[in-house]
Amino acid sequence: MPVDTSQRLAKLRELMKERHVDVYLIPSEDSHQSEYIAPCDARRAFISGFTGSAGCAIVSMSKAALSTDGRYFNQAAKQLDENWLLLKRGMENVPTWQEWTAEQAEGGKVVGVDPSLITAAEARKLSDTIKDTGGSLVGVPDNLVDLVWGGDRPARPREKVMVHPIEFAGQSFEEKITDLRKELTKKKRAGMVISMLDEIAWLYNLRGADIPFNPVFFAYAIVTHSTAELFVDEAKLTQAVKEHLGDKVALRPYESIFESLKLLSQAAASNGDEGHQKFLLSDKASWSLNLALGGEEKVEEVRSPIADAKAVKNAVELEGTRACHIRDGAALTEYFAWLENELINKKTVLNEVNASDKLAQIRSKHKDFVGLSFDTISSTGPNAAIIHYRAERGNCPNIDPNAVYLCDSGAQYLDGTTDTTRTLHFGKPTEMEKKAYTLVLKGLISIDTAVFPKGTTGYAIDAFARQHLWRNGLDYLHGTGHGVGSYLNVHEGPMGIGTRVQYAETPITAGNVLSDEPGYYEDGNFGIRIENIVVAKEVKTPHKFGDKPWIGFEHVTMTPLCQNLMDTSLLTAEEKKWVNDYHTEVWEKTKGFFNNDELTRNWLKRETQPI
């Protein structure tokens with residue numbers, strides 16, 4: 001049932017009127033532009049009732065709209081009440097949220113937004129769009145949704161920060177800072193201000209627990225040619241963390257970042273070298289940070305060099321990625337064997353949450369397990385068509401053994417982050433379900449076996465995954481692959497496989513870890529997605545045109561595919577060989593976990609038989 005947002009919107013409009021704001025924007029992100037956020041920052045969800053991870057809410061004095069992408073069309077339609085208009089991003093004749101905002105601002109109206117929740121680039125672009133219709137954009141320092149939320153708003157987390165040991169990180173934080181300073185020297189810049197939480201955690205080899213599923217902590221950082229600072233609530237730091245940082249990193253209160261930026265900007269202004277007066281700031285940093293540093297005169301907005309460095313995993317991180325995916329594959333195999341036995345042999349009634357709870361319990365037994373990497377998508381039948389479905393405890397259906405079951409799940413281990421999707425059917429699938437599954441599988445294999453010259457982007461290879469669906473007039477409304485962190489965020493940039501502008505600008509590089517996850521969804525009927533994690537690496541080719549290195553992929557996910565859903569007549573001989581080789585690898589790498597578990601071992605052996 002949708003949440004009744006009438007009173008919340010009425011209170012928000014009262015506050016807008018007091019501050020002379022005609023239209024108010026509520027983005028999804030927090031002040032660090034995080035995709036996944038802490039409960040205290042779920043402002044868009046609070047005001048609209050829509051709980052998906054992506055979207056922007058726009059509220060005028062008489063209307064309210066929610067814009068989101070294809071992953072969430074179904075979910076948003078179910079969760080929004082009658083006060084809201086759903087803007088389906090990317091669909092024909094549907095305005096973007098910026099265009100819709102500009103329409104509401106016609107005739108000199110004022111659009112307000114918390115400047116900490118959008119980037120400077122977004123603010124500039126939006127301001128230009130609004131000006132075209134006669135409106136204007138202003139930053140509103142006090143977040144109006146927070147004022148509506150009042151005392152019911154959850155407290156900001158204060159979880160402890162932990163050291164991420166060199167045995168898992170593979171590189172000391174001192175070396176990472178040295179590399180960043182080389183970048184500053186190369187660009188002739190005074191320093192870099194860092195606000196992305198995963199970048200700070202990676203840079204200083206620290207991890208936290210402030211945001212569910214993401215081992216990060218609220219902080220800012222500043223690195224100059226001679227100093228390194230960490231702005232964090234010091235009560236969260238253990239003695240081990242303080243000893244780890246030693247005298248190489250100065251600790252500052254989290255709240256003091258804006259005052260420090262003003263002082264830093266003033267100090268840089270006295271530097272005689274004009275180039276060294278500017279600071280690097282990620283193009284994902286907030287408008288408020290940009291303004292505090294002095295705006296365009298003092299800031300060079302760049303794609304973060306830390307994001308680029310973090311995305312190329314070192315040898316230790318790659319070995320950890322391989323190892324944790326074997327353990328995680330064993331956990332998923334045990335879960336699927338258990339689930340089939342319960343549903344088919346024991347006739348147990350299990351709902352979607354009962355099942356995902358069991359999976360979490362199985363995972364927790366494995367070495368170096370810390371927690372889940374996102375909320376498990378455990379979906380039966382029509383719910384599998386909701387791309388980012390979330391089963392509600394106490395209000396979700398029982399798993400139907402005669403329908404498709406889609407499970408998208410992952411875990412955080414000290415040595416890596418996992419993300420795997422498998423679609424299964426424990427009964428007799430329809431011909432369309434088998435066809436869809438097999439076309440999706442062909443797409444997964446096409447990415448897995450792709451070879452391309454260095455410098456190729458994920459945008460360029462996205463069609464490899466879709467080609468088999470396209471030939472049948474089918475498609476899916478999400479990207480094909482995203483970067484994956486190393487005991488960090490399960491969604492990581494800057495590279496990925498899809499049609500995002502960012503993916504068109506970022507070549508896939510040896511050492512990148514990405515998902516390979518094509519899908520197909522029929523609303524109200526079923527959904528198919530298969531996801532493996534792959535590591536980009538240099539590969540040998542018979543020839544070397546242009547004397548360039550060539551890039552291919554190594555899959556690290558070790559979980560059986562669903563033979564019951566395959567229409568093998570649609571697979572080529574090469575594709576059948578790939579499936580058989582993959583299943584042989586899964587069997588060899590995971591069978592040792594089940595020497596004392598006959599049920600799972602037998603299931604694994606059956607599921608990895610040649611096709």
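Glycine is no exception: its Cβ is also placed from the backbone N, Cα and C atoms.
Swiss-Prot lists Asp408, Asp419, Glu531 with the feature Mn(2+) 2 binding site. Its Cβ placed at the centre, Asp419 (Mn(2+) 2 binding site) has 24 other Cβ atoms within 10 Å. The secondary structure of Asp419 (Mn(2+) 2 binding site), as reduced to three states from DSSP, is coil rather than helix or strand.
Among the features that Swiss-Prot reports, Mn(2+) 1 binding site is placed at Asp419, Glu517, Glu531.
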Within the same chain, and leaving aside Asp419, Glu517, Glu531, name every residue whose CB is within 8 angstroms of the centroid of the CB atoms belonging to the recorded Mn(2+) 1 site, in sequence order.
Asp408, Thr420, Thr421, Gly481, Ser515, Asp516, Arg529, Ile530, Asn532, Ile533
Residues other than Asp408, Asp419, Glu531 within 8 Å, Cβ to Cβ centroid, of the Mn(2+) 2 site?
Ser409, Gly410, Thr420, Thr421, Ser515, Glu517, Arg529
Give the distance between the Cα atoms of Glu531 (Mn(2+) 2 binding site) and Glu517 (Mn(2+) 1 binding site), rounded to the nearest whole Å.
4
I need the CA-to-CA distance for Asp408 (Mn(2+) 2 binding site) versus Glu517 (Mn(2+) 1 binding site), whole Å please.
10
Between the Cα atoms of Glu517 (Mn(2+) 1 binding site) and Asp419 (Mn(2+) 2 binding site), what distance do you get, rounded to the nearest Å?
10
